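Quick look at what Swiss-Prot lists:
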MOD_RES   THR2  phosphothreonine
MOD_RES   THR2  N-acetylthreonine
TRANSMEM  41-61  transmembrane segment
BINDING   HIS118  chlorophyll a ChlzD2 binding site
TRANSMEM  125-141  transmembrane segment
TRANSMEM  153-166  transmembrane segment
BINDING   HIS198  chlorophyll a PD2 binding site
TRANSMEM  208-228  transmembrane segment
BINDING   HIS215, PHE262  plastoquinone binding site
TRANSMEM  279-295  transmembrane segment
Amino acid sequence: MTIALGRVTKEENDLFDIMDDWLRRDRFVFVGWSGLLLFPCAYFALGGWFTGTTFVTSWYTHGLASSYLEGCNFLTAAVSTPANSLAHSLLLLWGPEAQGDFTRWCQLGGLWTFVALHGAFALIGFMLRQFELARSVQLRPYNAISFSGPIAVFVSVFLIYPLGQSGWFFAPSFGVAAIFRFILFFQGFHNWTLNPFHMMGVAGVLGAALLCAIHGATVENTLFEDGDGANTFRAFNPTQAEETYSMVTANRFWSQIFGVAFSNKRWLHFFMLFVPVTGLWMSAIGVVGLALNLRAYDFVSQEIRAAEDPEFETFYTKNILLNEGIRAWMAAQDQPHENLIFPEEVLPRGNAL
């Protein structure tokens, strides 16, 4: 009995191979398979944002001016969220709300859902791009894994939080001042600064900035003198065969400063990766909790004592009162459709608070 072994011949012009060859070709700007998701979504997200901030009003959704055309500047322009009455509608241009009318679609806040969803997929495409390139040049995928932190924050804040609330209306609008207002909203309605997940997020981001500054300064301080160049950047010569800086010297320096120091480059750099990414993920988890209206720390005993004793006050009780002021002022402004009416004595008085 004879068994013939051989390869199955593929067509020379196989469509997949042609596309793979073109997409992954070495060019100035790598495209790749991930680019099929990244580039269109990033183009539409940025294009929608520039269009909205330039031309589109928020009068119909928030009663606000939000475009350059209406007199806003870069800090005050925004692509605003849809009205609360539209709940979690995807607001498709051809959907029942806009019915194919582009002007009506913009007035209803359709650009916000357009930018948010395309932006989320663009970020995912960018992470896939890092996976794809890492595989192509045989690198570990830690860059892509690290980028999951910003993606988690974006998705939790712009998508999951409003999904847990009554509609997209309660998500942040895409603008600088709009984001600031959302932060104030988070503080007033969720006491966000006292949330342990926010604390871990702040520790991660600021700790990463500190680590980055210390690491950069230490490397600069311990660069080898490898030539007669006039400046520090001589040491960045890519043809240099040996390592650029002295880990031993850096370890000795920080051992004397703190009593402890990293003695292993891999552990040092993993720690620099771990701190900010963990901080971002903790913040994202905290925002998911807020979507479900989970509360931050409540020191009820201090609130009760402050209510009983006018002379007893802590920074916590002062902040609780400030949060009440934010809620009283913001709720009526942001949700006029609720017809919220607060007695005059509980409302802040002008700029005096």
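For all residues, glycine too, the Cβ spot is worked out from N, Cα and C.
Counting residues 6+ beyond its ends, the transmembrane segment (125-141) has Cβ neighbours under 8 Å at 24, 30, 32-35, 37-39, 41-42, 147-148, 151 in the same chain.
Among the binding-site residues HIS198, HIS215, PHE262, not one has a Cα within 10 Å of the Cα of HIS118 (chlorophyll a ChlzD2 binding site). DSSP classifies HIS118 (chlorophyll a ChlzD2 binding site) as helix under the three-state reduction. Close to HIS215 (plastoquinone binding site) in the fold, though at least 6 residues off in sequence, lie LEU268, MET272, each with a CB less than 8 Å from its CB.
Less than 8 angstroms from the CB of the residue listed as 'chlorophyll a PD2 binding site' sit TRP192, SER283, GLY286, ALA296, each of them six or more residues away in the same chain. The Cβ of the residue listed as 'chlorophyll a ChlzD2 binding site' has 20 other Cβ atoms within 10 Å, all protein chains considered. The largest share of C-beta pairs under 8 angstroms with the transmembrane segment (153-166) comes from 279-295, of the ranges 41-61, 208-228, 279-295. For PHE262 (plastoquinone binding site), the count of additional Cβ atoms within 10 Å of its Cβ stands at 18 [all protein chains shown]. PHE262 (plastoquinone binding site) falls within neither a helix nor a strand when secondary structure is assigned with DSSP, and so counts as coil.
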